[in-house]
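Features of the protein shown, as given by TrEMBL:
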type	residues	note
DOMAIN	9-130	domain 'Nicotinate phosphoribosyltransferase N-terminal'
DOMAIN	170-396	domain 'Nicotinate/nicotinamide phosphoribosyltransferase'
MOD_RES	His221	phosphohistidine
Amino acid sequence: MFDIVKNLLDTDKYKLMMLQFIWLHQRKRKGRFTFKNRTDVNLLNYMTVEQVQAELDHIKQMTMTQGMIERLRNHPTLGKQLQPAFLTWLRSYKLSDIHVGVVKGKLAIYAQGKWTAITMWETFIMNVVNRIYFRAKCKELGLTEEEVIASGRDKLIENIDIVMESDAVVTDFSTRRRWSYDWQFEVVATCAATMGKQFAGTSNIWIALELGIEAIGTIAHEMDMGYQGIYHKEDDARGYMYSHDLLLEQWFALYGTILSIALSDTYGSDYFLEHFKAFAELWIGTRHDSGDPFAYGEKIIKFYELIGIDPKTKLIVFSDGLDARLIVQLNAHFRGRIKLAFGWGTNLGNNMGFQNYENNRGLKALSIVCKLTHISGRATVKLSDNRKKLTGRTSAVLRVKRLTNYDRYEHVNVTCLV
């Protein structure tokens, strides 16, 4: 018990980059993070409220030690991206309270408080729910941890071999939905030892520090969702998502080119591209997180061509539900036309076999998320290029759809946007 999360740096790099940004620009804002299970699995059949609460309360007591701060300061990349004043503040960092209960017969988890104190809960909540669920699922199926890890090793080598038939460059993005910390560590160490230059690093800060490899990550939907709540009146007054443009400006002012990979689907990629023209020259590229990846890549290439930018100088990071074969296919399709990177998540860090085992879902990964659902008294919204991923209250979704002309953009060719 209490071994699910290693420490407060056992999280994704983008959480730390966003935390610093929030601390600098919006440290007094308050909000709420809420857990959501997208599957039809009743998690209460596999865990109790008390069990989840105890694990999360243990994490709440964790602090940033001076040794951890020094390791961040001395890392060749992180040390340049994290300001000395922020690192000093981080030494006293405390997570907010965390609440676990039952709503309408389903597991409910939320954290409420200062944005700086709730943002780091995202990955920790998902880690705890995932790990407890899969431990119980193994027991239900009569599987031992040793059997599952052995199967996972076979799957890992098989998938590494598939990717290495190409020249695709991948990064481990599996922290949020991983099997376990120890397994993610083994996966990353194996990739680093066997894939050479085809393995760029990991999103997990602590694993990157432990293995002496690159920590990779930039920005998530959370920032757009937060800004839309904070600048609600300004968006309404201007009739478009002014908050989105402001975020891009402030993010680039803080981090410059090195972290300038824009997440393009918070309001749908068509709206994003219409408003990205002013930023496209400076920003390295974009990240794909929903919708058809092939259609997205073609759209991005055409977008750059239409505004006079050579696509070969820009980057797409594909990160939506990738498996080894899809990585190879996308790499073959776009190779030489635009720079490519692949964020390999659940299918790298939680691909253990035994799916559809014993005539049920077996060890199939859960589709769970933890999102910033409220900020400054406002409900937040995430649209998407995949309608199944839309999140937010109906009234709030309708408002943001109106401000972004979301429905008008359905099936619109990118040539109409330039």
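Here the Cβ of each residue, glycine as well, is placed from N, Cα and C on the backbone.
Its Cβ placed at the centre, the residue listed as 'phosphohistidine' has 23 other Cβ atoms within 10 Å. The residues of the domain 'Nicotinate phosphoribosyltransferase N-terminal' (9-130), classed with DSSP into helix (H, G, I), strand (E, B) and coil, number 62 helix, 24 strand, 36 coil.
Mean pLDDT for the domain 'Nicotinate/nicotinamide phosphoribosyltransferase' (170-396) in the predicted structure: 96.
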